[in-house]
Structure formats: structure tokens, C-alpha cells
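Over in Swiss-Prot, the protein carries these features:
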- SER25: active site, schiff-base intermediate with substrate (ACT_SITE)
- SER25: pyruvic acid (Ser) (MOD_RES)
- THR57, GLY73, ALA74, ALA75: substrate binding site (BINDING)
- TYR58: active site, proton donor (ACT_SITE)
Amino acid sequence: MHLNMLKSKIHRATVVQADLNYVGSITIDRNLMDKANILEYEKVEIANINNGARFETYVIAGEAGSGIICLNGAAARCAQAGDKVIIMCYCSLTPEEASEHRPKVVFVNDDNSISNVTEYEKHGTIG
């Protein structure tokens with residue numbers, strides 16, 4: 001048996017751009033991807049804090065240090081510039097692996113610069 005567990009997330013990122021005419025995906029600043037251990041073309045789930053929408057797409061790397069969070073193609077219908085989003089990535093673990101697993105949580109400022117990185121998530125203890 002394998003369990004689907006949170007691998008990592010980028011918390012409260014600000015959408016900088018939404019490009020309906022691009023082929024698809026979400027463009028994420030390479031620095032944020034690296035800190036969150038998210039790979040290019042990896043599947044992610046995105047929760048829009050402003051409107052409650054949740055959707056899935058894949059990641060393409062944006063310029064390191066640019067702060068870019070851009071929803072492309074159909075995903076651009078799910079958020080607009082200025083919206084806050086949570087970008088989550090999951091992994092499949094055995095129960096034994098899951099018992100020791102700690103997700104990487106990357107917190108960002110309004111300009112999508114990194115403010116804090118943790119390796120656990122408990123209600124009321126991080127932020």
C-alpha cells in the first residue's frame with residue numbers, strides 16, 4: 001500500500017500574470033521551485049485563496065529571482081493577477097516512509113520572495 005502525502009508547498013504566493021493564450025501549465029520562479037523541491041513538468045495542485053478554486057496542472061520553470069507565478073492556458077481562467085494561491089505537490093510513500101516524512105513548506109512575501117522554509121506543518125504553529 002502507498003499513501004499520497006504532501007511533498008511540498010509554496011504558501012500564499014501572489015499570481016503575477018495569467019496568460020490564457022499560452023499552451024498550459026504554471027510558470028514558477030526557479031528559486032521557489034528549488035526551495036520547495038518541485039521539478040519542472042511535475043504535477044501540482046493549486047488552491048486559489050481568493051475564490052476557493054482548486055485545479056491541477058504541471059510546472060514550468062521561470063527565471064530565478066523574478067518572483068514569477070504565471071497561470072497559463074486554461075489554468076488562467078482559475079485565477080487573476082493579484083490572487084493568492086497555495087501550490088501543492090504530493091508524493092507516494094509506504095506507511096513506513098510516511099511515518100517519518102515531513103513536507104517542505106515555503107512561505108513567501110507579497111513579492112514572492114522567500115520569507116521562511118519549514119519541514120513540518122501543524123495547525124497554529126507556523127506562518
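Cβ coordinates come from backbone N, Cα and C, glycine included.
Not measured: the values here are computed from a predicted model.
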For the residue listed as 'active site, proton donor', nearby residues of its own chain (Cβ under 8 Å, 6 or more apart in sequence): GLY24, SER25, ILE26, TYR41, GLU42, LYS43, VAL44
Neighbourhood of ALA75 (substrate binding site) by C-beta distance under 8 A, where only residues 6 or more apart in the same chain count: ALA18, GLY24, SER25, ILE26, ILE46, PHE55, THR57
C-beta crowding around ALA74 (substrate binding site), within 10 angstroms: 14
Substrate site shell beyond THR57, GLY73, ALA74, ALA75, criterion: Cβ within 8 Å of Cβ centroid: GLY24, SER25, ILE26, PHE55, LEU71, ASN72, ALA76, ARG77, CYS78
